Amino acid sequence: MSSLSKEAVMVHEALLARGLETPLRGALLDRDTRKQRIAEHMTEIMNLLSLDLSDDSLAETPTRIAKMYVDEIFSGLDYANFPKITIIENKMKVDEMVTVRDITLTSTCEHHFVTIDGKATVAYIPKDGVIGLSKLNRIVQFFSQRPQVQERLTQQILVALQTLLGTNNVAVSIDAVHYCVKARGIRDATSATTTTSLGGLFKSSQNTRQEFLRAVRHHN
């Protein structure tokens, strides 16, 4: 991980220490090799489904899927893609809650590889540093771009922000629709799943917790 940013390494190590890192076998192959091998295996899967890859509509599908997996929907498996983060000195001594609501996210269920579609609310109480608001969105997006379970995703975002901001006072809530429930199995088109992860004052102070939960309910 020597070529990765300091922030990426810090977050990865913090997740490993807490048993919250996404299960990985080891070092990733280079990007082009991953695409090539995924395309080869996807070709075999499509052949097993008796799809005719000589058809012009299907011919490039294995390559498209490989590119989508590596460059887009699973790009968060590679810490080389971790967003560039700058923590700004808290010169204004902000000590009240900073909340960003309605952060859209699209992830992939690791059990069936179908879509998770939702929104996140993220809050923190600054200590020595503050973070650009768009970076909160980017961190949510980074961890969403992996095969995921919603509970782990929520905690990964929490620990990443705690690590970067140097404070436990972080809270994350995600409300999402799982297409493994909506599009298959029970085929429930209306249910949604909410997960919440609280740290520091958000867990120990009832008033702080309630202020955050009111913000969550506001966007719902």
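Using N, Cα and C of the backbone, Cβ positions are placed for all residues, glycine too.
Residues or ranges marked as Zn(2+) binding site in Swiss-Prot: C109, H112, C180. Its Cβ taken as reference, C109 (Zn(2+) binding site) is surrounded by 18 other Cβ atoms within 10 Å in the chains shown. DSSP assigns C109 (Zn(2+) binding site) to a strand in the three-state reduction.
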Number of Cβ atoms other than its own within 10 Å, given for C180 (Zn(2+) binding site): 17
Number of Cβ atoms other than its own within 10 Å, given for H112 (Zn(2+) binding site): 15
8 Å Cβ shell about C109, H112, C180 centroid, Zn(2+) site members excluded: T108, E110, H111, F113, V114, I116, H178, Y179, V181, R184
